[in-house]
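Colleague: Could you have a look at this structure, given as structure tokens, before my questions?
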Amino acid sequence: MAWPLCTLLLLLATQAVALAWSPQEEDRIIEGGIYDADLNDERVQRALHFVISEYNKATEDEYYRRLLRVLRAREQIVGGVNYFFDIEVGRTICTKSQPNLDTCAFHEQPELQKKQLCSFQIYEVPWEDRMSLVNSRCQEA
């Protein structure tokens, strides 16, 4: 009688250890799935920098705009990586021709701030060192 009980306990203990060591649901990456992106990840930061650069190239405003905050950042692994960003950008006091634009202060006066909420999709092929803007949409905040 003791052997079946010991065997059952051993099986239960083995299963508990196996479950504890298996990847959690949130740790599994499924190709094509969309997941929250880690804002501290160097690749995500590079994609955000690319977004702001492309955004400033496309605007006719003489003033540089920079990131105020990230509302949402997601990524999707496909034949490369799709990044989806929802961000808020603000107008700085620097013109686009000035150096060190990443540290420019934002306009203080409300009529000059011209904040915008934007959504961007970026496609990156890391092994080809290629990044492209797929989709962008902005509206006044």
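Every residue gets a Cβ built from N, Cα and C, even glycine.
Feature annotation from Swiss-Prot assigns disulfide bond to Cys94-Cys104, Cys118-Cys138. Positions annotated as motif 'Secondary area of contact' by Swiss-Prot: 76-80. Annotation comment: Swiss-Prot describes 1-20 as signal peptide. Taken from Swiss-Prot, the feature site 'Reactive site' covers Gly32.
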Colleague: Average the pLDDT scores across the motif 'Secondary area of contact' (76-80) and report the rounded value.
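Modeller: Computed over the motif 'Secondary area of contact' (76-80), the mean pLDDT is 94 on the 0 to 100 scale.
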Colleague: Cα distance, Cys118 (disulfide bond) to Gly32 (site 'Reactive site'), nearest Å?
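Modeller: So the Cα of Cys118 (disulfide bond) lies 23 Å away from that of Gly32 (site 'Reactive site').
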Colleague: Once near-sequence residues are set aside, which residues in the chain of Cys118 (disulfide bond), 6 or more away, have Cβ atoms under 8 Å from its Cβ?
Modeller: Tyr55, Phe85, Asp86, Ile87, Glu88, Val89, Ser136, Arg137, Cys138, Gln139
Colleague: Sort out the sequence-distant neighbours of Cys104 (disulfide bond) for me: same chain, 6+ apart, CB within less than 8 Å of its CB, listed by position.
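Modeller: Sequence-distant Cβ neighbours: Tyr64, Arg66, Thr92, Ile93, Cys94, Gln98.
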Colleague: What is the number of residues in the motif 'Secondary area of contact' (76-80) that are helix, strand and coil, as DSSP sees it?
Modeller: 0 helix, 4 strand, 1 coil
Colleague: Please state whether DSSP places Gly32 (site 'Reactive site') in a helix, a strand or coil.
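Modeller: DSSP call for Gly32 (site 'Reactive site'): coil, neither helix nor strand.
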Colleague: If we count other C-beta atoms within 10 Å, could you say which of the recorded positions Gly32, Cys94, Cys138 has the fewest?
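Modeller: Relative to the other recorded positions in Gly32, Cys94, Cys138, Gly32 has the fewest Cβ atoms within 10 Å.
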